[in-house]
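Contents: one structure, followed by commentary.
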Amino acid sequence: MPAPTPAPTPTQVPCPHCGRPVEWSAASPFRPFCCKRCKLIDLGDWLAENHRIPDAGEPLEEDQPPADQVWPTH
Ligand SMILES: [Zn+2]
């Protein structure tokens, strides 16, 4: 008799957020993340990084007219 075919091992990928092995199948609806929480956290971080970029650098006001013309204070 031929040897029994071993059960197919589901492909696993590490969760991009916490590194836990995630089964790459329909059983893991949040793949490549291990859970909804990791997916939301990672997505939130990504969005936060994008939103943070304009504020992280130098102020983008060099091309604008003097502040007095834009923000009259008197
Ligand atoms: Zn995770």
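Positions of Cβ are set from backbone N, Cα and C atoms, glycine also.
Marked as Zn(2+) binding site by TrEMBL: Cys15, Cys18, Cys34, Cys38. If you look up TrEMBL, you'll see 54-74 marked as region 'Disordered'.
Least crowded of the binding-site residues (Cys15, Cys18, Cys34, Cys38), judged by neighbouring Cβ atoms within 10 Å of its own Cβ: Cys18. One way to see the shell of the Zn(2+) site is to take the Cβ centroid of Cys15, Cys18, Cys34, Cys38; the remaining same-chain residues with a Cβ within 8 Å of it are Pro16, His17, Gly19, Arg20, Val22, Phe33, Cys35, Arg37.
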